[in-house]
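Visitor: Quick one: this structure, given as structure tokens, is what I'll be asking you about.
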Amino acid sequence: MENPRPQAPAGIPPMAPLPVPPSIAPIPAPPPRIPAAAAVASTSTAGGGGGGEAEYEVSDDHRAARERHERAVQELLQRRRAYAMAVPTNDSAVRARLRRLGEPVTFFGEREMERRDRLRALMVGLEAEGQFDRLLRAQEDEQGAAGAEEEEEQIQYPFFTEGTQELLKARVDIAQYSLPRAKARIERTKRRYDDPDEDPDAEANLVVKQAEDFVLECSEIGDDRPLTGCSFSRDASMLATSSWSGMIKVWSMPQITKIATLKGHTERATDVAFSPVDDCLATASADKTAKLWKTDGSLLTSFDGHLDRLARLAFHPSGKYLGTASFDKTWRLWDVNTGKELLLQEGHGRSVYGVSFHPDGSLAASCGLDGYARVWDLRSGRLYCTLMGHVKPVLGVSFSPNGYLVATGSEDNFCRIWDLRTKRMLYSIPAHKSLISYVKFEPQEGYYLATSSYDTKAALWSARDYKPIKSLVGHESKVTSLDISGDGQQIVTVSHDRTIKIWSCRSRAQDNAMELD
């Protein structure tokens, strides 16, 4: 800090400023900085001529770093330009554009995304080189090809998958089997309504009255683990049950005496069904297989092909074919005699849980965890209709013997009735307090409907007005499945409480036998 100069007293002249000593020179200003881009690399001249002015040098490392930076900037700009460029996402379109640009369609081991990245890099390189005409020519060719494909699509037939000769023969056989049965059913229905001696209403009322008298006739422990499925034989002389233990047991009726135990599945058994024409039965399991057995316990055929565990299965009315539903989102049709897979049917968005066949054998219905039931025409392979109305997974589906009604049971606790003639829902039954595990129409005329539920009960409903007929109360846990004998006089239910219960109305049936054609 400088000291202030003292002021002279009044009357004394001011002093002259002190001279600066010659030995102290002023500090020179620093020379201006030369930017690196303008510096010229040179070496200092040594000796002679008083020496030249020194200049900045640019080292090789600095020059290499600057070149790397410029290359990185260029690559970044090219990458931005590449991602902003429209490149096809379909692999076939990517291959087509590469072919039009004169490049190899694919390299050994090259995957779809790598091929797309190669096309993007190629297009950016052509743009950087100024070959716009080449890019425009390729895009024009693609637009012309797309227009031609659109014209072809307008005249194309619906999508289908070509089947095998075995499937073709099976479709012809199913058509030859179903058409006479449908004709006979229609003629019989007309005769019943035209004949003055026939009174379908009175007969229906009689069957409903008989159903009111169903009582628990017998109860038996079926296995050490929960039971999952049950099925009567064609003459109701035998009963088969499946359980979590993986074993299937065959029982004689009506005493429920064990005849045989079928061992072969490595996981829990999920369903069992007797053949409608032979004394053999099919079983489904979580080990992804279905098996065909004799009643004495000998294995006939194993149906292998599903990719996930099986749920329900059903025999075609002809007994020649078997349908299986699986958690691999498909249901499949098998040839019982050869064990070959005839049809792999997709269509459900989630796991397929149940499958059922029309009494004539012409249609098949599948239901799944996607909340839909779908009806398929086995003779042509086409989807006949989709039954949409449930809000939760559909676990059971059944055709009525009259040929035009379908019942579905769901996790939403509702049983819904559908009319195949109008493809609409006729009635919705709030049937149970928990999910409905199984539904089935009475097999003679379909005069009543049986449902089982996880609320430990099974229930009977009139097929005329859908009013409740009878509640079958007796199980202590979830009822998983049921079946009705061919004459409609016996019902079997199985449950997680490991018991088999037989419900019968034989006393009423002996007094009022129903006359059937």
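Cβ coordinates are placed from backbone N, Cα and C, and glycine is handled just like the others.
These came from TrEMBL, pasted as-is:
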- 11-34: compositional bias 'Pro residues' (COMPBIAS)
- 35-45: compositional bias 'Low complexity' (COMPBIAS)
- 89-138: domain 'Pre-mRNA processing factor 4 (PRP4)-like' (DOMAIN)
- 220-261: repeat 'WD' (REPEAT)
- 262-294: repeat 'WD' (REPEAT)
- 303-344: repeat 'WD' (REPEAT)
- 345-386: repeat 'WD' (REPEAT)
- 387-428: repeat 'WD' (REPEAT)
- 429-471: repeat 'WD' (REPEAT)
- 472-513: repeat 'WD' (REPEAT)
Visitor: Below 8 angstroms Cβ to Cβ, which residues of this chain, lying six or more residues outside the repeat 'WD' (472-513), approach it?
Guide: 206-207, 209-211, 213-232, 234-236, 239, 241, 243, 251, 253-254, 256, 271, 434, 437-438, 440, 442-444, 450, 452-454, 456-460
Visitor: In terms of Cβ proximity under 8 Å, which residues at least six beyond the ends of the repeat 'WD' (429-471) contact it?
Guide: 203-204, 207-208, 211-212, 214, 392, 395-402, 405, 407-417, 477-488, 491, 493, 495, 503, 514, 516
Visitor: Take every residue in the domain 'Pre-mRNA processing factor 4 (PRP4)-like' (89-138), average their pLDDT values, and give the whole-number result.
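Guide: Here the mean pLDDT over the domain 'Pre-mRNA processing factor 4 (PRP4)-like' (89-138) amounts to 81.
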Visitor: In the same chain, who gets a Cβ under 8 Å from the repeat 'WD' (387-428) while lying at least 6 residues past its ends?
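Guide: Residues packing against the repeat 'WD' (387-428) from afar: 182, 185, 189, 350, 353-360, 363, 365-375, 434-446, 449, 451, 453, 461, 463, 466.
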Visitor: For the repeat 'WD' (387-428), jot down how many residues DSSP puts in helix, in strand and in coil.
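Guide: Once the DSSP states are binned, the repeat 'WD' (387-428) shows 0 helix, 25 strand, 17 coil.
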